[in-house]
Every structure is written in structure tokens, then in C-alpha cells.
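Trainee: One structure coming up, written as C-alpha cells, with questions to follow.
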Amino acid sequence: MQSSTESDRDIQDGPDADIHVAPPVEKEWSDGFDDNEVINGDNVEPPKRGLIGYLVIYLLCYPISFGGFLPGWDSGITAGFINMDNFKMNFGSYKHSTGEYYLSNVRMGLLVAMFSIGCAIGGLIFARLADTLGRRLAIVIVVLVYMVGAIIQISSNHKWYQYFVGKIIYGLGAGGCSVLCPMLLSEIAPTDLRGGLVSLYQLNMTFGIFLGYCSVYGTRKYDNTAQWRVPLGLCFLWTLIIIIGMLLVPESPRYLIECERHEEARASIAKINKVSPEDPWVLKQADEINAGVLAQRELGEASWKELFSVKTKVLQRLITGILVQTFLQLTGENYFFFYGTTIFKSVGLTDGFETSIVLGTVNFFSTIIAVMVVDKIGRRKCLLFGAAGMMACMVIFASIGVKCLYPHGQDGPSSKGAGNAMIVFTCFYIFCFATTWAPVAYIVVAESFPSKVKSRAMSISTACNWLWQFLIGFFTPFITGSIHFYYGYVFVGCLVAMFLYVFFFLPETIGLSLEEIQLLYEEGIKPWKSASWVPPSRRGIPSEESKTEKKDWKKFLKFSKGSD
């Protein structure tokens with residue numbers, strides 16, 4: 001376990017408080033950081049955790065992370081809807097030559113992509129609620145908006161424009177969750193578990209995709225509107241889980257301290273760590289957060305203009321957030337998740353729904369691996385290895401599709417062997433994506449920004465994710481209809497750019513508190529040297545203790561040590 005070497009600080013109440021060196025004095029901590037109260041920062045160790053300690057942390061964070069289930073559920077059911085006969089009859093067009101209903105490329109693209117437009121707008125609109133109403137209440141509000149969108153879609157009958165309006169409102173709620181849930185997770189999570197806990201958001205997104213695939217598989221043989229209305233109706237169950245969960249989880253201690261609610265902030269830190277609010281480590285954490293809030297206040301009120309500040313390196317971090325979220329879509333993952341059923345029918349499989357379930361299963365279990373290892377490997381290594389692995393898989397996938405899938409031309413039968421090989425490399429690709437970029441992109445955005453501009457910066461970064469998801473979702477039917485599997489090479493080029501950007505511009509933040517990450521950026525450390533950077537508060541400590549404590553997985557698995 002590490003101990004801080006910072007001198008003890010005397011912290012006065014209010015934004016203009018003085019912070020000065022004082023000798024260690026043990027005093028009872030009162031509400032609001034009063035004069036002459038001192039926290040002895042030396043030799044204060046984080047609480048030891050046993051089985052119950054870990055379970056409490058993960059159980060408290062899980063309802064927050066369940067917000068990721070909402071966009072995942074939409075991806076899973078939409079991939080099935082566009083191939084359902086009753087859905088096409090209600091919202092498609094009739095082709096007299098074949099006597100069948102179909103979805104045009106434009107309508108199919110809009111059906112998939114309008115959700116993303118709603119998400120982009122929702123993230124921008126609702127992110128500010130986190131600063132005015134608190135993280136928890138803001139999440140409840142966006143979930144209610146999501147439910148309104150679901151009602152509009154379910155009540156649609158032969159009116160595709162009504163369905164699309166519902167889809168946009170549906171997206172407003174999911175987009176708000178995509179900003180607010182990772183934000184709250186990053187602010188209540190212990191430093192050594194932050195990566196894994198934020199990754200739970202992505203894990204639940206993959207869980208939503210998987211269950212979405214299963215739901216449309218189960219209703220695909222219905223011959224009425226229950227074929228698509230039942231999967232839509234199930235979303236009310238998922239939203240209730242989130243709303244009830246918000247009554248149980250702690251509020252962000254950073255938000256509470258910004259509102260001068262210091263006692264509640266200490267209670268929040270204590271609850272997530274299962275210790276007393278008077279525990280010295282809790283007091284030290286509250287002290288550090290308060291110092292960071294005071295430092296931000298000295299810079300003035302937050303504004304949109306501050307996002308472009310070069311002096312505080314916020315602009316650099318905003319560009320990183322935008323590009324990481326953009327690259328997340330340019331991996332090509334939604335090419336498979338949105339159109340997976342369609343793609344695998346094109347390679348000769350009679351039931352593309354079953355293959356989608358296989359892909360959803362690979363996606364879900366691969367993300368579980370990411371949750372377990374992301375705080376051991378680090379952000380940079382995950383992103384670099386992931387980009388390289390996806391690049392190799394996409395090259396092989398596209399090459400087989402171009403050269404081997406149709407040996408007698410596009411109008412001839414497809415090769416079953418080539419089709420099976422494409423499915424195998426799709427699974428490898430999804431493994432590489434789900435264990436690296438899928439969770440880490442959200443971690444990077446959630447932990448990069450100072451609290452003062454966090455809601456604004458995260459909303460812009462996440463909006464770029466949804467904007468690119470819209471573009472890929474809308475234009476993919478046109479592009480694949482024109483260049484077929486050559487489309488994969490476009491994503492290969494993007495993956496090369498991603499690898500280079502991460503290597504040269506993205507710093508390593510594993511083991512650092514949110515306040516220490518701000519110092520990392522401010523000191524201008526080269527990204528490829530950032531893994532060895534030590535925060536000022538830990539300089540001078542022996543090297544083996546210079547990093548924030550990391551979980552001993554053997555102890556965690558055996559539960560042989562730790563107290564609750």
C-alpha cells in the first residue's frame with residue numbers, strides 16, 4: 001500500500017481558503033473544513049478490502065453502469081427488426097414485382113441512424129443537469145425521456161415517421177446516459193478500481209446487445225406486431241432497474257463538495273469504500289477533492305470558452321476525447337453490430353439471427369475480460385494492442401470477402417468455406433475490440449477532464465461518437481451496395497491512424513487519481529513516457545511504493561486477507 005508524502009494541510013471553508021503547511025495535529029473532523037483542522041496525510045493507507053468490500057463496491061456501481069444497457073439493447077433489437085417481415089410490412093414499401101415488403105436503403109439507414117442523432121443531441125442537452133441537479137437525479141430524468149421514446153415507437157402503426165420521432169427521443173435518453181453514467185462511475189470509483197468500474201458501462205452495453213439479439217430471435221416467428229413490439233416493450237424493465245438503483249447508489253463526492261455539502265461527500269466516500277465517514281483515509285480523500293475544487297474556483301466560473309484553453313491543457317484533452325470517441329466508431333464495430341444479421345445472410349447463412357447471437361456472446365464475455373484486466377495492463381497498451389489486432393482481423397475479413405466469397409462473381413453462389421472463415425475472423429475482431437477499445441474509450445473520456453468543465457467536455461466528446469455512429473449507420477447500406485467487402489479496407493486505414501495517434505498523443509493514466517491526472521497534463525509529460533510519471537505527492541517514496549496501490553488478484557480470488 002502507498003502512503004502520501006504530502007505535508008499536512010490546514011483547509012479553511014470557502015473558495016478563498018488558504019492552504020498552508022502545518023504540523024500534524026489529530027483533531028475531530030467537523031462539517032465543512034473549518035479553521036485549524038488538519039488531516040495527517042502521512043501514513044494514511046486506503047482501507048483493506050475483503051470479499052464483502054469488493055462486492056459492495058461493484059454492487060453499488062452496477063446500477064449506474066446499467067445505463068450502458070440502453071443503447072446496447074437498441075443496437076441488438078434494431079439489427080433484427082430490419083429483417084423482420086411484419087416490421088417491413090408496417091414501415092417499409094411494397095414491391096409489386098416480387099409481392100414482398102422491403103426497406104429502402106434510405107429508410108433502413110435512417111432507421112438505424114436516427115437513434116444516434118438523438119443520442120448526440122441528448123448528451124449535449126442533458127449533461128449540464130449533472131452540475132445543476134446532481135449526477136443521480138440527472139440519470140433518472142434521462143431514463144424517463146428514454147421511456148417516452150419507447151412509448152412513441154410502440155404506438156406507431158404503419159407510420160414510419162412517428163416511429164422515427166420516437167427513435168430520436170429514445171436516443172435523447174440513451175445519449176444522456178452515455179455521458180452521465182461514466183461520469184458518475186469515474187467520480188465515485190476508488191482509484192485502483194476505476195478502470196474496471198467504468199468498463200462495467202461497456203459490459204452492460206454488450207449485455208444489452210446480446211439480450212437484444214436473443215429477444216428478436218425469440219419473436220422472429222410471430223406473424224403480427226408482437227414480432228417487434230415485445231422487444232421494445234421490454235425496455236421498461238431495464239429502465240426500472242436504473243431508477244430503483246439510483247435510490248441506492250452514492251452521489252458524486254466531487255459534486256457534493258462543489259455544492260459545499262462536505263458531510264454528505266464524506267458519507268459518499270465512506271459508503272463506496274465501506275468504512276466510517278470519520279476514517280482518516282476518507283478525510284484525506286475529501287481533503288484532496290476539496291483542494292482540487294478550490295484550485296478550479298480560483299480560475300473563475302466554467303464556460304464554453306474555457307474548453308479551448310491552451311494554458312490549462314483543456315483543449316488538448318478535448319481533442320483527445322473527441323478523437324478517441326471518433327476512433328471508437330471508425331474501428332468498424334457497428335458495421336457488424338447494426339448489420340450483422342444482414343451481413344451473414346449475404347455470406348450464405350440461412351439464419352443470420354443465430355450468428356448474431358454468437359457474436360453477441362463473444363462480445364459480452366470478451367468485455368468481462370476487459371473489466372478484469374484494464375486496471376492491470378493500462379490504457380495505452382490496451383488501445384495499441386487492440387488497434388493492431390483489429391487491423392489484422394479486418395484485413396483478413398475484407399480480403400476473404402473480396403477474393404474468395406463469390407468465386408463465380410457477385411451473382412453466383414457464395415463459398416460456404418469462405419463464409420465460415422469470415423465469421424471466425426469476425427469473432428476474433430470482436431474479441432480484440434471488446435477487450436480494448438470498447439471499454440477504454442469511455443474510461444479515457446471519463447477521467448481526462450477537470451470537474452469544472454467535465455460535463456461540457458464529455459458531452460462534446462460523446463456527441464462525436466454518436467455523430468460518427470449516425471454517419472456509419474446511415475451510409476453503410478449505400479457503401480456496401482456499391483463496393484461490397486472493400487468497405488473493410490476503409491476501416492483498416494482508420495485503425496492505422498488510431499494506432500499512431502494513441503502512441504504519440506495519449507498519456508497513460510492507470511493508478512492515478514482524477515486530481516493527479518490533471519497534474520499529469522499540466523506538466524506536459526510526453527505520452528510515451530507517461531507510464532513512469534510519479535505525482536508530486538508521491539515523489540521521494542521508494543520506487544516499489546511509488547504507484548497507487550493495485551489489487552492483489554490472488555488475494556482477491558482467494559479472499560484470504562482483508563477486513564470488511
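From the backbone N, Cα and C atoms, a Cβ is placed for every residue, glycine too.
Since we're looking at a predicted model, the values are computed, not measured.
Swiss-Prot lists 1-52, 131-136, 189-194, 251-333, 375-381, 446-462, 506-564 with the feature topological domain 'Cytoplasmic', giving sequence analysis as the kind of evidence. Sequence annotations record features per position, and here Swiss-Prot assigns region 'Disordered' to 1-22. Annotation comment: Swiss-Prot describes 1-12 as compositional bias 'Basic and acidic residues'. The transmembrane segment annotation in Swiss-Prot covers 53-73, 110-130, 137-157, 168-188, 195-215, 230-250, 334-350, 357-374, 382-402, 425-445, 463-483, 485-505. Marked as topological domain 'Extracellular' by Swiss-Prot on the basis of sequence analysis: 74-109, 158-167, 216-229, 351-356, 403-424.
Are these features on the surface or tucked inside, and what are their neighbours?
Mentor: Applying DSSP to the topological domain 'Extracellular' (74-109) sorts its residues as follows: 20 helix, 6 strand, 10 coil.
Long-range neighbours of the transmembrane segment (110-130) within the same chain, counting only residues 6 or more positions beyond its ends whose Cβ lies under 8 Å from a Cβ of the stretch, are 71, 74, 78, 81-82, 91, 103, 137-138, 141-142, 145, 149, 163-164, 167-176, 178-180, 183-184, 255, 338-339, 455-456, 458-460, 462-467, 469-471, 473-474, 476.
Remote same-chain residues near the topological domain 'Cytoplasmic' (131-136) are listed as 180, 183-184, 187, 246, 249, 251-252, 255, 258, 455 (criterion: CB distance under 8 Å, separation of at least six residues from the stretch ends).
Tertiary neighbourhood of the transmembrane segment (137-157): same-chain residues 64, 67, 70, 90-91, 118, 122, 126, 129-130, 163, 165-177, 180-181, 184, 225, 229, 232-233, 235-236, 239, 242-243, 246, selected by CB-CB distance under 8 Å and a gap of 6+ residues from either end.
Over the topological domain 'Extracellular' (158-167), the average per-residue pLDDT in this prediction is 89.
Distant neighbours of the topological domain 'Extracellular' (216-229): 76-77, 79-81, 84-87, 90, 154, 157, 353-354, 356-357; these residues of the same chain sit at least 6 beyond its ends, with a Cβ under 8 Å from one of its Cβ atoms.
Counting only same-chain residues 6+ beyond the ends of the transmembrane segment (230-250), those with a CB under 8 A from a CB of the stretch are 60-64, 66-67, 69-70, 73, 77, 80-81, 136-137, 139-140, 143-144, 146-147, 150, 153-154, 177, 184, 188, 208, 212, 215-216, 219, 222, 267-268, 271-272.
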Trainee: As a quick check of your reading of DSSP, tell me how many residues in the topological domain 'Cytoplasmic' (375-381) are helical, how many are strand and how many are coil.
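Mentor: Within the topological domain 'Cytoplasmic' (375-381) the tally stands at 6 helix, 0 strand, 1 coil.
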Trainee: With pairs restricted to those 6 or more apart in sequence, evaluate whether the transmembrane segment (425-445) and the transmembrane segment (53-73) have 3+ C-beta pairs under 8 Å.
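Mentor: These two segments do not touch.
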Trainee: Counting Cβ pairs under 8 Å that are 6 or more apart in sequence, does the total for the transmembrane segment (463-483) and the transmembrane segment (357-374) reach three or more?
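Mentor: Taking Cβ pairs at least 6 residues apart, the transmembrane segment (357-374) and the transmembrane segment (463-483) are not in contact, as fewer than 3 fall under 8 Å.
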